[in-house]
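Per Swiss-Prot, the features are:
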TOPO_DOM  1-6  topological domain 'Cytoplasmic'
TRANSMEM  7-27  transmembrane segment
TOPO_DOM  28-522  topological domain 'Extracellular'
CARBOHYD  N66  N-linked glycosylation site
CARBOHYD  N274  N-linked glycosylation site
CARBOHYD  N310  N-linked glycosylation site
DISULFID  C320-C388  disulfide bond
CARBOHYD  N324  N-linked glycosylation site
DISULFID  C349-C415  disulfide bond
TRANSMEM  523-543  transmembrane segment
TOPO_DOM  544-556  topological domain 'Cytoplasmic'
Amino acid sequence: MIHWSLIVSALGVCVAVLGGYCGWILFPNMVHKKVEQSVVIQDGSEQFKRFVNLPQPLNFKVYIFNVTNSDRIQQGAIPIVEEIGPYVYKQFRQKKVKHFSRDGSKISYVQNVHFDFDAVASAPYTQDDRIVALNMHMNAFLQVFEREITDIFQGFANRLNSRLNQTPGVRVLKRLMERIRGKRKSVLQISENDPGLALLLVHLNANLKAVFNDPRSMFVSTSVREYLFDGVRFCINPQGIAKAICNQIKESGSKTIREKSDGSLAFSFFGHKNGSGHEVYEVHTGKGDPMRVLEIQKLDDSHNLQVWLNASSEGETSVCNQINGTDASAYPPFRQRGDSMYIFSADICRSVQLFYQTDIQYQGIPGYRYSIGENFINDIGPEHDNECFCVDKLANVIKRKNGCLYAGALDLTTCLDAPVILTLPHMLGASNEYRKMIRGLKPDAKKHQTFVDVQSLTGTPLQGGKRVQFNMFLKSINRIGITENLPTVLMPAIWVEEGIQLNGEMVAFFKKKLINTLKTLNIVHWATLCGGIGVAVACLIYYIYQRGRVVEPPVK
(Lines of atoms letter the chains of each structure in order from A and count residues from 1; the text may use other names and numbers.)
(Lines give C-alpha, C1' and ligand atoms only; values in the text may rest on other atoms or scores of the structure.)
Protein backbone atom coordinates (compact mmCIF):
# COMPACT_ATOMS: atom_id res chain seq x y z
CA MET A 1 0.00 0.00 0.00
CA ILE A 2 1.31 3.46 -1.01
CA HIS A 3 2.12 5.66 1.94
CA TRP A 4 0.00 8.82 2.18
CA SER A 5 3.14 11.04 2.16
CA LEU A 6 4.04 9.83 -1.31
CA ILE A 7 0.58 10.73 -2.55
CA VAL A 8 0.84 14.22 -1.06
CA SER A 9 4.37 14.58 -2.46
CA ALA A 10 3.09 13.69 -5.94
CA LEU A 11 0.32 16.26 -5.54
CA GLY A 12 2.95 18.83 -4.56
CA VAL A 13 4.90 18.06 -7.73
CA CYS A 14 1.71 18.52 -9.76
CA VAL A 15 1.04 21.87 -8.09
CA ALA A 16 4.62 22.98 -8.77
CA VAL A 17 4.36 21.96 -12.43
CA LEU A 18 1.04 23.79 -12.66
CA GLY A 19 2.62 26.89 -11.09
CA GLY A 20 5.50 26.77 -13.55
CA TYR A 21 3.14 26.31 -16.48
CA CYS A 22 0.93 29.17 -15.35
CA GLY A 23 3.81 31.52 -14.58
CA TRP A 24 5.90 30.89 -17.68
CA ILE A 25 3.32 29.96 -20.31
CA LEU A 26 -0.34 30.50 -19.41
CA PHE A 27 -0.17 33.88 -17.60
CA PRO A 28 2.21 35.52 -20.12
CA ASN A 29 0.01 34.36 -23.00
CA MET A 30 -3.10 35.64 -21.22
CA VAL A 31 -1.47 39.02 -20.53
CA HIS A 32 -0.08 39.22 -24.05
CA LYS A 33 -3.51 38.55 -25.54
CA LYS A 34 -5.16 41.04 -23.18
CA VAL A 35 -2.63 43.75 -24.09
CA GLU A 36 -3.15 43.03 -27.78
CA GLN A 37 -6.89 43.47 -27.33
CA SER A 38 -6.48 46.65 -25.29
CA VAL A 39 -4.13 48.49 -27.67
CA VAL A 40 -6.11 47.89 -30.87
CA ILE A 41 -8.13 50.97 -31.87
CA GLN A 42 -11.73 49.94 -32.49
CA ASP A 43 -14.70 52.26 -32.73
CA GLY A 44 -16.24 52.70 -29.28
CA SER A 45 -13.49 50.90 -27.37
CA GLU A 46 -11.64 52.36 -24.38
CA GLN A 47 -8.50 52.62 -26.49
CA PHE A 48 -10.47 54.55 -29.13
CA LYS A 49 -11.59 57.05 -26.49
CA ARG A 50 -8.01 57.49 -25.29
CA PHE A 51 -6.91 57.85 -28.90
CA VAL A 52 -9.40 60.62 -29.65
CA ASN A 53 -8.77 62.51 -26.41
CA LEU A 54 -5.47 61.97 -24.63
CA PRO A 55 -6.16 61.10 -20.97
CA GLN A 56 -3.96 63.99 -19.84
CA PRO A 57 -2.46 67.02 -21.59
CA LEU A 58 1.13 67.08 -22.74
CA ASN A 59 3.62 69.50 -21.21
CA PHE A 60 4.90 72.11 -23.65
CA LYS A 61 7.83 74.06 -22.21
CA VAL A 62 9.45 76.98 -23.99
CA TYR A 63 12.82 78.50 -23.13
CA ILE A 64 13.73 81.83 -24.76
CA PHE A 65 17.21 83.16 -25.46
CA ASN A 66 17.07 86.76 -24.30
CA VAL A 67 19.72 88.87 -26.07
CA THR A 68 21.61 91.13 -23.65
CA ASN A 69 23.85 93.08 -26.05
CA SER A 70 21.71 93.71 -29.13
CA ASP A 71 23.18 97.19 -29.80
CA ARG A 72 26.74 95.87 -29.76
CA ILE A 73 25.84 92.97 -32.04
CA GLN A 74 24.77 95.52 -34.64
CA GLN A 75 28.37 96.76 -34.55
CA GLY A 76 29.86 93.29 -34.97
CA ALA A 77 30.14 92.01 -31.38
CA ILE A 78 29.68 88.35 -30.47
CA PRO A 79 26.08 87.81 -29.22
CA ILE A 80 25.50 87.22 -25.52
CA VAL A 81 22.32 85.37 -24.56
CA GLU A 82 20.64 84.27 -21.36
CA GLU A 83 18.05 81.53 -21.12
CA ILE A 84 14.77 82.50 -19.50
CA GLY A 85 11.97 80.08 -18.78
CA PRO A 86 10.42 77.62 -18.83
CA TYR A 87 7.13 79.08 -19.97
CA VAL A 88 4.90 76.07 -19.48
CA TYR A 89 1.77 75.34 -21.48
CA LYS A 90 -0.68 72.49 -21.27
CA GLN A 91 -1.07 71.02 -24.74
CA PHE A 92 -4.45 69.41 -25.33
CA ARG A 93 -4.82 67.13 -28.34
CA GLN A 94 -8.14 66.08 -29.81
CA LYS A 95 -8.46 64.00 -32.93
CA LYS A 96 -11.34 64.46 -35.33
CA VAL A 97 -11.76 61.03 -36.89
CA LYS A 98 -12.59 61.04 -40.59
CA HIS A 99 -13.02 57.32 -41.23
CA PHE A 100 -11.76 53.77 -40.72
CA SER A 101 -10.51 51.69 -43.62
CA ARG A 102 -12.78 48.89 -44.81
CA ASP A 103 -10.81 46.20 -42.99
CA GLY A 104 -10.49 48.32 -39.86
CA SER A 105 -6.68 48.32 -39.94
CA LYS A 106 -6.32 52.06 -40.67
CA ILE A 107 -7.88 55.18 -39.23
CA SER A 108 -7.70 58.71 -40.67
CA TYR A 109 -7.98 61.86 -38.60
CA VAL A 110 -7.19 65.54 -38.26
CA GLN A 111 -5.65 66.57 -34.95
CA ASN A 112 -6.65 69.76 -33.18
CA VAL A 113 -4.17 71.18 -30.68
CA HIS A 114 -4.90 73.74 -27.98
CA PHE A 115 -2.44 75.44 -25.62
CA ASP A 116 -3.27 76.77 -22.14
CA PHE A 117 -0.67 78.75 -20.22
CA ASP A 118 0.14 77.12 -16.86
CA ALA A 119 0.87 80.06 -14.58
CA VAL A 120 1.67 77.87 -11.57
CA ALA A 121 4.22 75.69 -13.35
CA SER A 122 5.72 78.74 -15.09
CA ALA A 123 6.16 80.90 -11.98
CA PRO A 124 7.92 83.25 -11.54
CA TYR A 125 7.74 83.77 -15.31
CA THR A 126 4.64 85.24 -16.96
CA GLN A 127 3.55 85.76 -20.55
CA ASP A 128 3.89 89.52 -20.07
CA ASP A 129 7.64 89.30 -19.46
CA ARG A 130 9.57 91.57 -21.82
CA ILE A 131 12.30 90.04 -23.95
CA VAL A 132 14.81 91.11 -26.59
CA ALA A 133 14.95 88.36 -29.18
CA LEU A 134 15.91 87.76 -32.77
CA ASN A 135 13.50 89.42 -35.20
CA MET A 136 12.70 86.17 -36.96
CA HIS A 137 10.29 87.47 -39.59
CA MET A 138 12.50 90.36 -40.74
CA ASN A 139 15.63 88.22 -40.76
CA ALA A 140 13.85 85.49 -42.71
CA PHE A 141 12.53 87.98 -45.26
CA LEU A 142 15.97 89.50 -45.86
CA GLN A 143 17.65 86.12 -46.27
CA VAL A 144 14.99 84.86 -48.64
CA PHE A 145 15.30 88.17 -50.49
CA GLU A 146 19.05 87.67 -50.80
CA ARG A 147 18.67 84.13 -52.12
CA GLU A 148 15.81 84.72 -54.53
CA ILE A 149 16.17 88.37 -55.39
CA THR A 150 15.20 88.06 -59.06
CA ASP A 151 12.16 85.89 -58.36
CA ILE A 152 11.04 88.21 -55.60
CA PHE A 153 11.30 91.24 -57.86
CA GLN A 154 9.28 89.51 -60.54
CA GLY A 155 6.75 88.54 -57.91
CA PHE A 156 6.40 92.19 -56.94
CA ALA A 157 6.11 93.33 -60.55
CA ASN A 158 2.38 92.95 -61.13
CA ARG A 159 1.52 94.74 -57.91
CA LEU A 160 4.07 97.50 -58.30
CA ASN A 161 3.31 98.32 -61.94
CA SER A 162 -0.18 99.38 -60.94
CA ARG A 163 1.31 101.73 -58.36
CA LEU A 164 4.29 103.13 -60.25
CA ASN A 165 2.39 105.92 -61.94
CA GLN A 166 0.74 106.83 -58.63
CA THR A 167 4.00 107.21 -56.69
CA PRO A 168 6.09 110.28 -57.74
CA GLY A 169 9.42 108.96 -56.44
CA VAL A 170 9.02 105.67 -58.22
CA ARG A 171 7.94 107.41 -61.46
CA VAL A 172 11.29 109.17 -61.49
CA LEU A 173 13.06 105.86 -60.81
CA LYS A 174 11.18 104.20 -63.65
CA ARG A 175 12.16 106.89 -66.16
CA LEU A 176 15.79 106.66 -65.02
CA MET A 177 15.81 102.88 -65.41
CA GLU A 178 14.29 103.13 -68.87
CA ARG A 179 17.05 105.49 -69.95
CA ILE A 180 19.71 103.13 -68.58
CA ARG A 181 18.38 99.86 -69.96
CA GLY A 182 15.75 100.79 -72.48
CA LYS A 183 12.01 100.39 -72.13
CA ARG A 184 10.74 97.49 -70.01
CA LYS A 185 7.38 95.97 -69.30
CA SER A 186 8.23 96.24 -65.61
CA VAL A 187 10.89 98.17 -63.76
CA LEU A 188 11.43 95.05 -61.69
CA GLN A 189 12.16 92.69 -64.59
CA ILE A 190 15.92 93.00 -64.17
CA SER A 191 18.79 90.67 -63.51
CA GLU A 192 20.84 90.58 -60.33
CA ASN A 193 23.76 92.20 -62.17
CA ASP A 194 21.70 95.08 -63.51
CA PRO A 195 23.19 98.50 -62.60
CA GLY A 196 19.72 99.68 -61.70
CA LEU A 197 19.51 97.11 -58.91
CA ALA A 198 21.32 99.43 -56.55
CA LEU A 199 18.62 102.05 -57.03
CA LEU A 200 15.91 99.54 -56.26
CA LEU A 201 17.77 98.41 -53.16
CA VAL A 202 17.75 102.00 -51.97
CA HIS A 203 13.97 101.91 -52.08
CA LEU A 204 13.92 98.52 -50.36
CA ASN A 205 16.08 99.84 -47.54
CA ALA A 206 13.81 102.85 -47.19
CA ASN A 207 10.68 100.72 -47.11
CA LEU A 208 11.98 98.27 -44.50
CA LYS A 209 11.05 100.92 -41.95
CA ALA A 210 7.45 100.97 -43.12
CA VAL A 211 7.25 97.18 -43.29
CA PHE A 212 8.94 96.26 -40.01
CA ASN A 213 8.01 99.21 -37.78
CA ASP A 214 11.17 101.30 -38.12
CA PRO A 215 13.63 98.69 -36.80
CA ARG A 216 16.88 99.90 -35.25
CA SER A 217 18.46 96.45 -35.12
CA MET A 218 17.89 92.83 -36.09
CA PHE A 219 16.31 92.24 -32.70
CA VAL A 220 12.86 93.02 -31.42
CA SER A 221 11.69 94.05 -27.96
CA THR A 222 8.39 92.34 -27.30
CA SER A 223 6.47 90.23 -24.80
CA VAL A 224 6.63 86.47 -24.47
CA ARG A 225 2.91 86.32 -25.24
CA GLU A 226 3.40 88.09 -28.57
CA TYR A 227 6.58 86.26 -29.56
CA LEU A 228 5.14 82.80 -28.96
CA PHE A 229 1.40 82.99 -29.70
CA ASP A 230 -0.36 86.34 -30.17
CA GLY A 231 2.08 87.69 -32.74
CA VAL A 232 4.59 90.51 -33.18
CA ARG A 233 2.82 92.94 -35.51
CA PHE A 234 4.32 94.46 -38.63
CA CYS A 235 3.09 95.76 -42.01
CA ILE A 236 0.89 98.27 -40.20
CA ASN A 237 -0.85 100.46 -42.82
CA PRO A 238 1.95 100.23 -45.44
CA GLN A 239 1.89 102.28 -48.64
CA GLY A 240 3.45 101.99 -52.09
CA ILE A 241 6.34 99.56 -52.36
CA ALA A 242 5.97 98.69 -48.67
CA LYS A 243 2.44 97.48 -49.34
CA ALA A 244 3.65 95.33 -52.24
CA ILE A 245 6.29 93.79 -49.99
CA CYS A 246 3.68 93.07 -47.33
CA ASN A 247 1.35 91.47 -49.86
CA GLN A 248 4.18 89.26 -51.05
CA ILE A 249 4.94 88.20 -47.47
CA LYS A 250 1.26 87.52 -46.81
CA GLU A 251 0.89 85.37 -49.91
CA SER A 252 4.10 83.42 -49.27
CA GLY A 253 2.04 81.02 -47.18
CA SER A 254 4.24 81.03 -44.08
CA LYS A 255 2.45 79.29 -41.22
CA THR A 256 4.05 81.56 -38.64
CA ILE A 257 2.65 84.77 -40.18
CA ARG A 258 -1.05 85.58 -39.92
CA GLU A 259 -3.15 88.50 -41.04
CA LYS A 260 -4.86 90.52 -38.31
CA SER A 261 -8.36 91.98 -38.56
CA ASP A 262 -6.94 95.45 -39.31
CA GLY A 263 -4.93 94.13 -42.26
CA SER A 264 -1.57 94.13 -40.49
CA LEU A 265 0.56 90.99 -40.25
CA ALA A 266 1.85 89.25 -37.12
CA PHE A 267 4.63 86.73 -36.57
CA SER A 268 4.49 84.14 -33.79
CA PHE A 269 6.24 80.83 -33.27
CA PHE A 270 3.21 78.75 -32.32
CA GLY A 271 0.07 80.78 -32.99
CA HIS A 272 -0.69 78.69 -36.07
CA LYS A 273 -0.62 75.50 -33.98
CA ASN A 274 -3.22 76.76 -31.52
CA GLY A 275 -6.54 75.63 -32.95
CA SER A 276 -7.79 73.48 -35.78
CA GLY A 277 -5.33 71.19 -37.50
CA HIS A 278 -5.01 70.78 -41.25
CA GLU A 279 -2.80 67.76 -41.86
CA VAL A 280 -4.67 64.49 -42.42
CA TYR A 281 -2.98 61.52 -40.75
CA GLU A 282 -3.63 57.87 -41.47
CA VAL A 283 -2.32 55.49 -38.81
CA HIS A 284 -2.46 51.76 -38.19
CA THR A 285 -5.11 50.67 -35.68
CA GLY A 286 -3.18 47.57 -34.65
CA LYS A 287 -5.83 45.25 -36.02
CA GLY A 288 -4.08 42.16 -37.34
CA ASP A 289 -0.69 43.41 -36.17
CA PRO A 290 -0.63 45.08 -32.72
CA MET A 291 3.09 45.83 -33.15
CA ARG A 292 2.14 48.45 -35.75
CA VAL A 293 -0.47 50.28 -33.69
CA LEU A 294 -0.36 54.08 -34.21
CA GLU A 295 2.32 53.71 -36.88
CA ILE A 296 1.82 56.57 -39.35
CA GLN A 297 0.88 55.21 -42.78
CA LYS A 298 0.15 58.43 -44.64
CA LEU A 299 0.35 62.17 -44.17
CA ASP A 300 -1.97 64.18 -46.40
CA ASP A 301 -2.58 61.08 -48.50
CA SER A 302 1.12 60.48 -49.14
CA HIS A 303 3.32 57.67 -47.83
CA ASN A 304 6.40 59.90 -47.99
CA LEU A 305 7.43 63.52 -47.68
CA GLN A 306 8.48 65.73 -50.58
CA VAL A 307 10.68 67.97 -48.45
CA TRP A 308 14.20 66.62 -48.66
CA LEU A 309 16.35 65.59 -51.58
CA ASN A 310 15.43 62.25 -53.15
CA ALA A 311 17.75 59.38 -53.87
CA SER A 312 17.85 59.68 -57.64
CA SER A 313 16.82 61.83 -60.56
CA GLU A 314 13.91 59.44 -61.10
CA GLY A 315 12.52 60.54 -57.74
CA GLU A 316 13.19 57.37 -55.79
CA THR A 317 12.26 58.16 -52.19
CA SER A 318 15.26 58.85 -49.98
CA VAL A 319 15.54 57.79 -46.36
CA CYS A 320 15.13 61.45 -45.38
CA ASN A 321 11.64 61.61 -46.90
CA GLN A 322 10.39 58.38 -45.35
CA ILE A 323 7.65 58.61 -42.71
CA ASN A 324 8.35 56.13 -39.92
CA GLY A 325 6.98 55.53 -36.44
CA THR A 326 4.27 57.13 -34.32
CA ASP A 327 3.63 60.75 -33.35
CA ALA A 328 5.21 60.11 -29.90
CA SER A 329 1.89 60.17 -28.02
CA ALA A 330 2.19 56.37 -27.65
CA TYR A 331 4.32 53.51 -28.90
CA PRO A 332 3.83 49.89 -30.02
CA PRO A 333 3.64 47.29 -27.20
CA PHE A 334 6.01 44.49 -26.21
CA ARG A 335 9.25 46.48 -26.23
CA GLN A 336 12.51 44.53 -25.88
CA ARG A 337 15.86 45.54 -24.43
CA GLY A 338 18.25 46.57 -27.15
CA ASP A 339 15.60 47.46 -29.73
CA SER A 340 14.87 50.83 -31.31
CA MET A 341 11.77 52.67 -32.45
CA TYR A 342 10.84 55.69 -34.54
CA ILE A 343 8.85 58.85 -33.95
CA PHE A 344 7.75 61.24 -36.66
CA SER A 345 7.60 64.99 -36.07
CA ALA A 346 5.76 67.10 -38.62
CA ASP A 347 7.23 70.24 -37.03
CA ILE A 348 10.69 69.31 -38.31
CA CYS A 349 9.58 67.20 -41.28
CA ARG A 350 11.46 64.06 -40.38
CA SER A 351 11.46 60.74 -38.59
CA VAL A 352 13.75 60.29 -35.61
CA GLN A 353 15.11 56.96 -34.37
CA LEU A 354 15.20 56.27 -30.62
CA PHE A 355 17.49 53.64 -29.12
CA TYR A 356 17.19 51.60 -25.92
CA GLN A 357 19.42 52.99 -23.15
CA THR A 358 18.57 51.38 -19.80
CA ASP A 359 15.86 49.99 -17.52
CA ILE A 360 14.04 52.54 -15.37
CA GLN A 361 11.40 52.81 -12.64
CA TYR A 362 8.80 55.59 -12.77
CA GLN A 363 6.76 55.85 -9.56
CA GLY A 364 6.88 52.08 -9.15
CA ILE A 365 6.20 51.31 -12.81
CA PRO A 366 9.06 49.49 -14.59
CA GLY A 367 10.01 50.53 -18.09
CA TYR A 368 12.75 51.18 -20.62
CA ARG A 369 14.45 54.46 -21.48
CA TYR A 370 14.98 55.37 -25.13
CA SER A 371 17.02 58.28 -26.46
CA ILE A 372 18.08 59.71 -29.79
CA GLY A 373 21.33 58.46 -31.24
CA GLU A 374 24.34 60.29 -32.55
CA ASN A 375 22.92 60.04 -36.07
CA PHE A 376 20.07 62.48 -35.31
CA ILE A 377 21.80 65.63 -36.57
CA ASN A 378 25.38 64.53 -36.85
CA ASP A 379 27.59 65.35 -39.82
CA ILE A 380 25.63 65.46 -43.07
CA GLY A 381 27.01 64.52 -46.46
CA PRO A 382 27.59 61.68 -48.94
CA GLU A 383 30.22 60.11 -46.71
CA HIS A 384 27.60 59.72 -43.95
CA ASP A 385 24.83 58.27 -46.18
CA ASN A 386 22.50 61.14 -45.32
CA GLU A 387 23.25 63.70 -48.02
CA CYS A 388 19.52 64.01 -48.66
CA PHE A 389 19.39 66.36 -45.64
CA CYS A 390 21.93 68.65 -47.31
CA VAL A 391 19.53 71.05 -49.06
CA ASP A 392 22.19 73.80 -49.36
CA LYS A 393 19.70 76.68 -49.38
CA LEU A 394 21.76 79.19 -47.40
CA ALA A 395 24.28 81.60 -48.88
CA ASN A 396 27.28 83.10 -47.11
CA VAL A 397 26.83 81.20 -43.84
CA ILE A 398 29.09 78.97 -41.76
CA LYS A 399 29.06 75.66 -43.62
CA ARG A 400 31.37 73.10 -45.16
CA LYS A 401 32.79 73.30 -48.67
CA ASN A 402 30.19 70.82 -49.95
CA GLY A 403 27.39 73.17 -48.88
CA CYS A 404 26.28 71.05 -45.91
CA LEU A 405 26.12 72.46 -42.41
CA TYR A 406 28.57 71.33 -39.76
CA ALA A 407 27.68 68.61 -37.25
CA GLY A 408 24.74 69.25 -34.96
CA ALA A 409 22.76 71.55 -37.27
CA LEU A 410 19.96 70.78 -39.73
CA ASP A 411 18.67 73.24 -42.33
CA LEU A 412 14.85 73.33 -42.20
CA THR A 413 14.45 75.80 -45.07
CA THR A 414 12.60 73.34 -47.30
CA CYS A 415 10.49 72.16 -44.35
CA LEU A 416 9.34 75.52 -42.97
CA ASP A 417 9.75 77.76 -46.04
CA ALA A 418 12.02 79.89 -43.86
CA PRO A 419 15.78 79.74 -43.19
CA VAL A 420 15.41 78.09 -39.78
CA ILE A 421 18.16 75.85 -38.40
CA LEU A 422 17.48 72.98 -36.00
CA THR A 423 19.90 71.99 -33.23
CA LEU A 424 19.62 70.34 -29.86
CA PRO A 425 19.08 72.79 -26.96
CA HIS A 426 22.07 75.01 -26.24
CA MET A 427 23.60 73.49 -29.39
CA LEU A 428 24.38 70.28 -27.50
CA GLY A 429 26.73 68.20 -29.62
CA ALA A 430 26.99 70.87 -32.31
CA SER A 431 30.24 71.80 -33.99
CA ASN A 432 32.43 74.36 -32.29
CA GLU A 433 32.15 76.39 -35.50
CA TYR A 434 28.72 77.41 -34.22
CA ARG A 435 29.10 77.33 -30.45
CA LYS A 436 32.24 79.49 -30.34
CA MET A 437 30.31 82.41 -31.84
CA ILE A 438 27.76 82.65 -29.00
CA ARG A 439 28.22 83.49 -25.33
CA GLY A 440 25.81 82.12 -22.72
CA LEU A 441 25.18 78.60 -24.01
CA LYS A 442 25.36 75.86 -21.37
CA PRO A 443 24.80 72.47 -23.03
CA ASP A 444 23.93 69.65 -20.63
CA ALA A 445 23.02 66.17 -21.86
CA LYS A 446 20.72 65.49 -18.88
CA LYS A 447 18.72 68.66 -19.50
CA HIS A 448 18.85 68.88 -23.26
CA GLN A 449 18.81 65.34 -24.67
CA THR A 450 15.58 63.93 -26.12
CA PHE A 451 14.41 60.81 -24.28
CA VAL A 452 11.28 58.87 -23.41
CA ASP A 453 10.56 56.29 -20.71
CA VAL A 454 8.15 53.62 -21.95
CA GLN A 455 6.27 50.89 -20.13
CA SER A 456 7.66 47.95 -22.03
CA LEU A 457 4.55 45.75 -22.12
CA THR A 458 1.99 48.28 -23.37
CA GLY A 459 4.17 50.95 -25.01
CA THR A 460 2.66 53.63 -22.77
CA PRO A 461 4.95 56.69 -22.37
CA LEU A 462 5.70 57.34 -18.69
CA GLN A 463 7.80 60.49 -18.95
CA GLY A 464 10.13 62.28 -21.33
CA GLY A 465 9.96 64.62 -24.24
CA LYS A 466 11.23 65.91 -27.55
CA ARG A 467 13.79 68.67 -27.05
CA VAL A 468 14.85 70.81 -29.97
CA GLN A 469 16.13 74.34 -30.55
CA PHE A 470 15.27 76.74 -33.36
CA ASN A 471 17.96 79.06 -34.65
CA MET A 472 18.61 81.33 -37.60
CA PHE A 473 21.81 82.61 -39.12
CA LEU A 474 22.54 86.26 -38.48
CA LYS A 475 24.78 87.83 -41.11
CA SER A 476 25.54 90.84 -43.22
CA ILE A 477 23.49 90.99 -46.42
CA ASN A 478 24.94 92.93 -49.32
CA ARG A 479 23.46 96.44 -49.69
CA ILE A 480 21.01 96.03 -46.79
CA GLY A 481 22.02 98.78 -44.39
CA ILE A 482 20.59 97.36 -41.17
CA THR A 483 22.75 94.24 -41.59
CA GLU A 484 25.92 96.04 -42.64
CA ASN A 485 28.12 95.31 -39.60
CA LEU A 486 26.55 92.09 -38.35
CA PRO A 487 28.79 89.13 -37.49
CA THR A 488 28.02 85.81 -39.17
CA VAL A 489 26.68 83.60 -36.37
CA LEU A 490 24.09 80.87 -35.82
CA MET A 491 21.75 82.79 -33.52
CA PRO A 492 19.57 80.83 -31.05
CA ALA A 493 15.97 81.96 -30.65
CA ILE A 494 14.10 79.42 -28.49
CA TRP A 495 14.19 75.80 -27.46
CA VAL A 496 11.18 73.66 -26.61
CA GLU A 497 10.40 70.49 -24.72
CA GLU A 498 7.22 68.68 -25.69
CA GLY A 499 6.45 65.63 -23.61
CA ILE A 500 4.64 64.04 -20.73
CA GLN A 501 4.95 63.04 -17.12
CA LEU A 502 2.26 60.55 -16.21
CA ASN A 503 0.26 62.22 -13.44
CA GLY A 504 -0.83 60.63 -10.16
CA GLU A 505 -4.29 59.75 -11.42
CA MET A 506 -2.93 57.99 -14.49
CA VAL A 507 -0.22 56.23 -12.45
CA ALA A 508 -2.88 54.91 -10.05
CA PHE A 509 -5.07 53.80 -12.97
CA PHE A 510 -2.12 52.12 -14.67
CA LYS A 511 -1.06 50.31 -11.51
CA LYS A 512 -4.60 49.12 -10.85
CA LYS A 513 -5.19 47.86 -14.37
CA LEU A 514 -1.81 46.34 -15.10
CA ILE A 515 0.95 46.46 -12.50
CA ASN A 516 -1.12 45.10 -9.60
CA THR A 517 -2.53 42.38 -11.85
CA LEU A 518 0.97 41.39 -12.93
CA LYS A 519 2.09 41.34 -9.29
CA THR A 520 -0.87 39.14 -8.33
CA LEU A 521 -0.15 36.71 -11.15
CA ASN A 522 3.50 36.69 -10.18
CA ILE A 523 2.60 35.90 -6.57
CA VAL A 524 0.31 33.08 -7.69
CA HIS A 525 3.05 31.78 -9.96
CA TRP A 526 5.76 31.63 -7.32
CA ALA A 527 3.42 30.62 -4.51
CA THR A 528 2.18 27.57 -6.40
CA LEU A 529 5.61 26.73 -7.76
CA CYS A 530 7.48 27.09 -4.49
CA GLY A 531 4.59 25.78 -2.40
CA GLY A 532 4.22 22.68 -4.55
CA ILE A 533 7.96 22.00 -4.47
CA GLY A 534 8.04 22.60 -0.73
CA VAL A 535 5.18 20.21 -0.04
CA ALA A 536 6.65 17.57 -2.35
CA VAL A 537 10.10 17.75 -0.75
CA ALA A 538 8.71 17.84 2.79
CA CYS A 539 6.50 14.82 2.23
CA LEU A 540 9.31 12.93 0.53
CA ILE A 541 11.64 13.63 3.46
CA TYR A 542 8.90 12.58 5.86
CA TYR A 543 8.41 9.33 3.93
CA ILE A 544 12.16 8.55 3.97
CA TYR A 545 12.32 9.38 7.65
CA GLN A 546 9.40 7.06 8.44
CA ARG A 547 10.94 4.26 6.40
CA GLY A 548 14.11 4.55 8.47
CA ARG A 549 12.18 4.09 11.71
CA VAL A 550 10.71 0.69 10.74
CA VAL A 551 12.13 -1.96 13.15
CA GLU A 552 13.04 -5.24 11.50
CA PRO A 553 11.82 -8.44 13.41
CA PRO A 554 14.54 -10.43 15.32
CA VAL A 555 16.01 -13.48 13.62
CA LYS A 556 15.05 -16.81 15.29
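Quick reminder: no glycine exception, Cβ is built from N, Cα and C everywhere.
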Pairwise Cα distance for C415 (disulfide bond)/N274 (N-linked glycosylation site) [Å, integer]: 19
Within-chain partners of the transmembrane segment (7-27) [C-beta distance under 8 Å, separation at least 6 from its ends]: 521-522, 524-540, 543
Euclidean distance between Cα atoms of C388 (disulfide bond) and N310 (N-linked glycosylation site), Å: 6
N310 (N-linked glycosylation site): tally of other CB atoms within 10 A of its CB: 16
Coarse DSSP state, helix versus strand versus coil, of C320 (disulfide bond): helix
Neighbours of C349 (disulfide bond) among the recorded positions N66, C320, C388 (Cα to Cα, within 10 Å): C320
Cα separation, N324 (N-linked glycosylation site) to C388 (disulfide bond) (Å, whole number): 16
CB contacts for C415 (disulfide bond) [other CB atoms within 10 A, all chains]: 19
Residues that sit under 8 angstroms from N66 (N-linked glycosylation site) by C-beta distance, when 6+ apart in the chain: V81, E82, E83, I84, I131, V132, A133
DSSP three-state assignment for C415 (disulfide bond): helix
